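Per TrEMBL, these features apply:
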{"type": "BINDING", "residues": "Gly120, Ser121, Asp260, His325, Thr326", "note": "pyridoxal 5'-phosphate binding site"}
{"type": "BINDING", "residues": "Tyr154, Lys289, Gly324, Arg419", "note": "substrate binding site"}
{"type": "MOD_RES", "residues": "Lys289", "note": "N6-(pyridoxal phosphate)lysine"}
Amino acid sequence: MVISNAARSRLAAHDKQHIWHPFTQMQEYVEEKPLIIEKGNGCTLFDIDGNAYLDGVASLWTNVHGHRKAKLDNAVRDQLDRVAHTTLLGLSNVPAISLAEKLIAVAPRGLTRVFYSDNGSTAVEIALKMAFQYTRQCDGTNEKTGFITFRNAYHGDTIGSVSVGGIDLFHEKYSPLLFTAHKAESPYCYRCPFGLSPCACGLECLNRLEALMRARAREVCALVIEPLVQGAAGILVHPPGFLRKVRELCTRYDILMIADEVAVGFGKTGSMFACDVEDVAPDMMTLAKGISGGYLPLAATLTTEKIYSGFLGRYEEFKTFFHGHTYTGNPLACAAAIANLEVFEEERVLEHVREIARHMAERLESFRTLTHVGDVRRIGIMAGIELVADRASRRPFAPEEKVGHRVILEARRRGLIIRPLGNVIVLMPPLAISAEEIDRLCQITFDSIRAVTGP
Ligand code: PMP
């Protein structure tokens, strides 16, 4: 289908006129030409003018096997021939059942129950409510009502998930609406909150976390963590062993561990789940984004038999988990998710990721030669390049310079879609990306940073 010039102009005008874009300063958005995507194929997206772009952020960290993956397309089409949507309230459906079985088979040990929803924030919201209600019903004290979370954490945009968030720019404004969560320092090693240097620090952040847990254990039901890497804060990769130690501390202080794998799940670290990397078994795990291969909105909160059992009883005991969204366990999305997991097995996707991640690591080394690159962080195929005004002092660029935004506009002109998080340039392509595409991704990013900040 060829879109006429008149239709393209109309789309651009109506986009600005009617759509309120998320996390976007609309006053500035309407001053720029909108990039309107019409179609995709593999790791490439095409706009309505016919320009091709490499999808360097996997359509917001969701796409796994590329766009228009035949197996996923067919799975959705086949399901469409049966039924598009029913409900899990009182009924069940075939794809939701099969998917639950498949998720449990690949999930960290001990997770046996799947509660579906349709986005990452609600998966977290559900975990928070579940942990709270479980503890109230089983603990008997009614005192363990709070949560422990980390500075720089991001768990979504609903009120509960914002309450356990730790990025001031996004979360501070809503503070009067939020419940209190106790904040532990996060291991942001490039800007260590204790002024220590990595390796020689003795993981002071863990010592402080333990002190916080000891002080708050009687008031806290759960800790929420993005395992191995805080994504939205700028790909802050945690030191090895951090996650496993957090698990040990949660067990020691009788605090449930909620692993938020919304961003990192489904292969991005080179393992199916980030928890697998340190052989950690959380009490709850939240999944979204890559769960459906990046095709349809779907999320899941997984938990253990022990927690599930805490909700059992006769109706009049009111132990039921009173929570459920209309599109919970949507059959089309579950069908895509089943096909997604099958491709992981059939095409040995994790092996490919590990190989391609090594290649990406080599290509990223050259970024350190750029004067305004302060830090290059990577785990699997997630990378964050932190740009600084002054490398010696690590002084950040001022927000009004919009350096990150200027870099991604430059990259766009060169045929690459990426997104900044402040002054961190994030690269997170679909897992299916090839070595040649990694080369292009890195080269365009490098050239764009140099064009904006200098050599
Ligand atoms: N948790 C984490 C770790 C995330 O990175 C995100 C989204 N980036 C969310 C939760 C929220 O997911 P959603 O945008 O689907 O609500």
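Glycine is no exception: its Cβ is also placed from the backbone N, Cα and C atoms.
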Rounded Cα separation (Å) that holds between Gly120 (pyridoxal 5'-phosphate binding site) and Lys289 (substrate binding site): 7
Winner by Cβ contact number (other Cβ atoms within 10 Å) across the binding-site residues Lys289, His325, Arg419: Lys289
Lowest local Cβ density among Gly120, Gly324, which the record lists as binding-site residues, within 10 Å: Gly324
Binding-site residues whose CB lies under 6 angstroms from ligand 1, from Gly120, Ser121, Asp260, His325, Arg419: Gly120, Ser121, Asp260
For Asp260 (pyridoxal 5'-phosphate binding site): intrachain residues, at least 6 apart, with Cβ closer than 8 Å: Gly120, Ala123, Val124, Ala127, His155, Val224, Ile225, Glu226, Pro227, Met285, Thr286
Thr326 (pyridoxal 5'-phosphate binding site): secondary structure state under DSSP, collapsed to three categories: coil
Rounded Cα separation (Å) that holds between Thr326 (pyridoxal 5'-phosphate binding site) and Tyr154 (substrate binding site): 25
Binding-site residues listed as Ser121, Thr326, least Cβ neighbours within 10 Å: Thr326
Chain-internal residues near Tyr154 (substrate binding site), provided their CB is under 8 angstroms and they sit 6+ positions away: Gly165, Gly166, Ile167, Phe170, Glu226, Gln230, Gly231, Ala232, Ala233
Closest of Lys289, Gly324, Arg419 to Ser121 (pyridoxal 5'-phosphate binding site), Cα positions, binding-site residues only: Lys289
